[in-house]
Each structure stands twice: as structure tokens, then as C-alpha cells.
Amino acid sequence: MVAGCGSDDGYTQPSAPATSAPVTTGPAQPATTTVSVDKMKFSPSAITIRAGDTVTWKFSDSAPHGVQGIGDTALGINSPILTEGEWNHTFTTPGTYRYLCPLHPDMRGTVTVR
Ligand SMILES: [Cu+2]
């Protein structure tokens, strides 16, 4: 008697993943990371991205907020004051970028670019 593994009757092969999708073997494609600005805080407050990536701040609090870089290295980070909508910044140079909300200096965040 042969020990069976159960009948394969009715078993349907899962459809193979499409092979037409390009396989990326090089450096990662530029990505976008979203930071929500809500309830008086940046969330997540600390993120790590790759050089060339974009960060989108999504404003959805009842209070107005902004994104303002701290220090010389973060000079380019300077959003309008917003209560809704989004603001993007693309980070091209590795480093650590700290920022705050100019209206609520206790609201702070950090972007680490690798
Ligand atoms: Cu604020």
C-alpha cells in the first residue's frame, strides 16, 4: 500500500505571477514617504529614506502647521502654512535633516537620508 498525500483532484494551480513586470536589479527606484501632520504632531516623527526619495507631508489638522528645516543643511525645507493638502520635498543629499513647525516649535521631526 502506498501512503498517499491526498488526492490532487480539483487542485487548481495558482496562476503564476505575471512575468512581464520589469524586475529591478539596480538601485531602488525613488520612493515617496508620507508623514501625516495631524493632532499637533508629525507622524511618524522620524523617518529614514534614500537619497533621491521624496517626503510628502499630508496636512489634516484643524490647526495650521508648516514644515521648516532647522539649521543650514535643512534650509530648503520650508513649506507654506497649511491646514490641509500636501507639501513635498525631495532629498538628494545624504544627511540628517531636522525640522519643526514654525507655529508650534514643539512639533518636530527628523528625516535621515542614506
Ligand atoms: Cu504646527
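Even glycines carry a Cβ here, placed using N, Cα and C.
Note: TrEMBL annotation is automatic and uncurated.
TrEMBL lists region 'Disordered' for one of the ranges 1-37, 38-74, namely 1-37. Neighbours of the Cu cation site: apart from His65, Cys101, His104, Met107, residues of the same chain with C-beta atoms within 8 angstroms of the site's C-beta centroid are Val37, Met40, Lys41, Phe42, Ala63, Gly66, Leu100, Pro102, Leu103, Pro105, Asp106. Close to Met107 (Cu cation binding site) in the fold, though at least 6 residues off in sequence, lie Met40, Lys41, Phe42, His65, Leu100, Cys101, each with a CB less than 8 Å from its CB. In the structure shown, across all protein chains, His65 is the one of the binding-site residues His65, His104 with the greatest number of other Cβ atoms within 10 Å. In the domain 'Blue (type 1) copper' (33-113), helix, strand and coil residues by DSSP number 3 helix, 48 strand, 30 coil. Cys101 (Cu cation binding site): 23 other CB atoms within 10 A of its CB, across all protein chains.
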